[in-house]
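The block underneath contains the structure these notes are about, expressed in structure tokens.
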Amino acid sequence: MRVNLSVAIVAMVRARPESQSLRDTEDVCPNPEVASENKHNPLKVESRGEFDWDEQTQGMVLGGFFYGYLLTNYLGGRLADRFGGRLIYGAGVTLTAFLTIISPSAARYSTNAFILVRVLEGMTEGVTYPATNVMISHWIPPQERARSISRSCGGTLIGTVITLSVSGWLTETEWGWPSVFYLSGFICLVWSWFWFRYAYDTPDDHPTISAAEKHYIRQSIGHHRGKMGQNVPWRSILTSVPFMTLVVAHVCHNWGFYCLLTELPTYLRNIQHFNMKQNGLISALPYMVMWVFNLTYSSYMDHLLETGKLSTKNIRKISMIIANHIPAAVLLLVPWVGCDRQRAVILICIALGSGGASTCGLHCGFQELAPNFAGTLTGISNTVATIPGFLAPAVTGMIINNQQTLSSWREVFHVVSLIYIFGGTIYLIFMSADTQPWNDANTEKRKGPFKETTVLKNV
């Protein structure tokens, strides 16, 4: 539901013909479809969209979701810390599903109504990631955390792959672009029934968990995790260098992720000239690469941690080098391949795919620094890190400024690369993987390193 608009908007918006001056320069890639048309009709391109939105309006529409997302991340974290993640997560997704279904009607009513619905969707879905982190802190042992987060959050990537792939096809059918919203909303309503039927906040709440598994989880997590509803040590959190390091890294990583998430289909259509069906499939490909890499890499990192070959801190640092610095370097190369469609797609796949290593980096940090306040920390960080969700499309729109040229997109990729490098470097210098003293001054901390292998063998 978060990404369906990225492809749908390409079909919703009426294409604007290129000016003669742009077509006569080498700053624009030749359009194969236009080249195959009669030379006396060179402007015949896909222009059947219903809405005449310029790039800045499209940036507002794409960013609307993230304006709302910004408002409820902290609230979601606090509510999940106090009442548990099951209710908050389930309610957030269910309400978003209803809003998704009414999106086509809102868009046809007015642009402002559509933006408002997208803002409301962001608000209802903003509670989900903080709620997830609360449940992870109750359920997932530290030595399984990287691969478990990768597998659960991998659903986001699979959803992105399916949505982008299917959306391109749906827009070409008789049902048109509205079917993109109807289908995703309906699927999530079906999902909500299964969630409320089978999900539980903690192992203690689960009616069928085995005694051995419950003991294993309790023993693995130790005493870092206290009861829900504790008072938040605000001063300690907001003055914590390790936590603020996570926030900075989160913001910078999200800038690159959200910029590509919202703008990649537009780049593929306007610069590389993929048609709608191709656009959806090609847009989905980098996220498939990210998912596969994510699962493989996280399992290997957990293996290195369990066998003692790498410390938690070194795994987090290596992961963020891969997640930030490699995409930064690769995106700098994209403008230099120019109109070579295959090489451009390969580079984008590498850039986004390597970003999947962040689940073994900064995304493990909230549970490690303070498991008692994992939802609150995630809510704070996700709130600030949502700003790129609407700022990146807006900045991209200002840079492009109705000039869909290679040089304009070169500037976009340069900005993303610089932000990636800054965030990754700050993380490497100031990060910590230790539970902070303010997690709970009244609970006893685990003594010494956790004996992963022993516990696993005993179970």
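Using the three backbone atoms N, Cα and C, a Cβ is placed for every residue, glycine included.
In TrEMBL this protein carries:
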DOMAIN    1-435  domain 'Major facilitator superfamily (MFS) profile'
TRANSMEM  57-75  transmembrane segment
TRANSMEM  87-107  transmembrane segment
TRANSMEM  153-170  transmembrane segment
TRANSMEM  176-196  transmembrane segment
TRANSMEM  237-258  transmembrane segment
TRANSMEM  278-297  transmembrane segment
TRANSMEM  318-338  transmembrane segment
TRANSMEM  344-366  transmembrane segment
TRANSMEM  373-400  transmembrane segment
TRANSMEM  412-430  transmembrane segment
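Long-range neighbours of the transmembrane segment (87-107) within the same chain, counting only residues 6 or more positions beyond its ends whose Cβ lies under 8 Å from a Cβ of the stretch, are 1, 4, 12, 51, 76, 79-80, 113-114, 116-118, 120-121, 124-128, 130-132, 135, 177-178, 181-182, 184-186, 188-189, 191-192, 195-196, 199. If you look at the transmembrane segment (412-430), the same-chain residues 6 or more away from its ends with a CB under 8 A from one of its CBs are 241-242, 245-246, 248-253, 255-256, 259-260, 263, 317, 320-321, 323-325, 327-329, 331-332, 334-335, 361-362, 392, 395-396, 399-400. Among the listed stretches 278-297, 344-366, 373-400, the one sharing the most Cβ pairs under 8 Å with the transmembrane segment (153-170) is 278-297. Spatially, the transmembrane segment (57-75) is adjacent to the transmembrane segment (373-400); three or more Cβ-Cβ distances between them are under 8 Å for residues at least 6 apart in sequence. Same-chain residues lying 6+ beyond the ends of the transmembrane segment (344-366) with a Cβ under 8 Å from its Cβ atoms: 133, 145-146, 149-150, 153, 157, 242, 246, 249-250, 253, 256-257, 260, 264, 272, 282, 285-287, 289-294, 297-298, 301, 315-317, 319-320, 322-324, 326-327, 330-331, 333-334, 337, 374, 377-378, 381, 427, 431, 433.
If you average pLDDT over the domain 'Major facilitator superfamily (MFS) profile' (1-435) in this model, you get 85. Sequence-distant contacts of the transmembrane segment (237-258) (same chain, at least 6 residues past either end, Cβ-Cβ under 8 Å): 66, 320, 323-324, 327-328, 331, 351-352, 355, 358, 361-362, 365-366, 369-370, 373, 376-377, 380-382, 384-389, 391-393, 416, 419-420, 422-424, 426-427, 429-432, 434, 436, 438.
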